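The structure under discussion appears below in the form of structure tokens.
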Amino acid sequence: MNTLDWTQLTADARTQALTRPVQTVATQTREAVATLIADVRARGDVALREITARFDGVTLDSFAVSEAEFAAADAAIAPELRQAMQDAVARIDTFHRAGMSEGYAVETAPGVVCEKIVRPIGRVGLYVPAGSAPLPSTALMLGVPARLAGCREVVLCTPPRKDGSVDPAVLVAAQLTGVRRVFKLGGAQAIAAMAYGTDSIPSCDKLFGPGNSFVTEAKQQVAQSGAAAIDMPAGPSEVLVIADAGAQPAFVAADLLSQAEHGPDSQVLLLSDSDALIAAVQEQLDLQLAQLSRADIARQALAQSRLIKVATLQEAFEISNRYAPEHLILALREPRAWLAQVEAAGSVFLGDYTPEALGDYCSGTNHVLPTSGAARAYSGVSVASFQNMVSVQAASKAGIDGIGACALILARAEGLDAHANAVALRMGVAA
């Protein structure tokens, strides 16, 4: 990893230091996704079978996972994996349930009551990728809040393996969250199918889940068309660690590597006011990297990552807020005392014994988070992501008589005569 001294960098160099790996969507990628979506819309399941054969190397008679396949998955996974997923579900449920909104009502004027009521989104589509490895944890992170929200129907798509099966852990994870409509479908074609619907795949109101550049582009295109809403902008995974001189170098290095192994376009940053800590972390990175099965992937990510020396921890937080990381680890002696300095981050991990991996799997928070700086304005997935907040108002005759004049003045100022008339008629006055 490159080591930089923030105090010695020019403004342009500082901007470059915080620049994420280039992930421009090439024109050919955008056009390929648009063509694929159009094909799925026009030919439905026929197109899906051809595309799946081309990209996944398997021809499927049926996309739907059968009850027999669910049963086989149940029998295939190790008992300790099942128990770990059950434990994770319980904690994810506990955390997300605590944050649920029940709506509210308030009288804003005599005879005028305004309410906010909460309704589940009708049908949602979950995408669980399986590029370099299947991700049953993503099925848990999406399935639990969808269940708590009360969505009428939850659809899940995940890529098939070359033998036509689906990773059994993903199927068990789906079952544990109450998801039974699972389809063997991956990539941009899965997004197109869930957005527009085919004979086999129902169209969904909102789509959730991470994916590669084709999946990300497909989500953007279907959202722009109005076919389906999406959870948030997506991008490569990332972590920023702020560490003081008392941090454990081995812990910090392990956290950086746990994010770097996601993919070659991941980015990891360390900000510290200690030269000794930075040097020790670099040594640990070299030692630990050699032991990883995905060392080649992690090494590519580290090549575009940074170890940055800062003058003060306060400066580190200013840099972090500018970067707005997906994951922020505070490897500090008094991490909670610094929490108020955090303005933009997807998820924060406090202290030496809270690795980012806990949030990925089983602490209870959600690991589907905004990336690429989107944490400045977006939040991670929650139960509210699967719900609509509907406004309700009711006015009595006395209520409209009391506040109607306000509406009349504003309607006239905007030149909207019909608006004014709708109020005036009820008040029995001239518009």
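Cβ from N, Cα, C; glycine included.
Positions annotated as active site, proton acceptor by Swiss-Prot: E326, H327. If you look up Swiss-Prot, you'll see Y127, Q189, N212 marked as NAD(+) binding site. The annotation substrate binding site is assigned in Swiss-Prot to S237, Q259, H262, H327, D360, E414, H419 on the grounds of sequence analysis. The Zn(2+) binding site annotation in Swiss-Prot covers Q259, H262, D360, H419.
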Max pairwise CA distance, angstrom, over record-listed NAD(+) binders Y127, Q189, N212: 12
Give the sequence-ordered list of residues that share a chain with D360 (substrate binding site), lie 6 or more positions from it, and have CB atoms under 8 Å from its CB. S137, H367
Compare the C-alpha of S237 (substrate binding site) with the C-alpha of each of the recorded positions Y127, N212, H327, and give the closest one. H327
Indicate whether H327 (active site, proton acceptor) is helix, strand or coil by DSSP. strand
Of Q189, N212, S237, Q259, the binding-site residues given in the record, which has the fewest other CB atoms within 10 A of its CB? N212
Nearest to N212 (NAD(+) binding site) by Cα, among Q259, H327, E414, H419 (recorded positions)? Q259
Tell me the Cβ neighbour count for Y127 (NAD(+) binding site), meaning other Cβ atoms within 10 Å of its Cβ, over all protein chains shown. 28
Same-chain residues at least 6 apart in sequence with Cβ under 8 Å of the Cβ of E414 (substrate binding site), in sequence order, are none
In chain order, residues whose C-beta lies under 8 angstroms from the C-beta of H419 (substrate binding site), counting only those at least six residues away in the same chain, are A407, A411
In the chain carrying H327 (active site, proton acceptor), residues 6 or more apart in sequence that have Cβ under 8 angstroms from it: S237, E238, V239, L240, Q259, A345, G346, S347, F349, E356, G359, L369
To the nearest whole angstrom, what is the C-alpha distance linking H262 (substrate binding site) and Q189 (NAD(+) binding site)? 23
Whole-number Å distance separating the Cα atoms of E326 (active site, proton acceptor) and Q189 (NAD(+) binding site) is 27
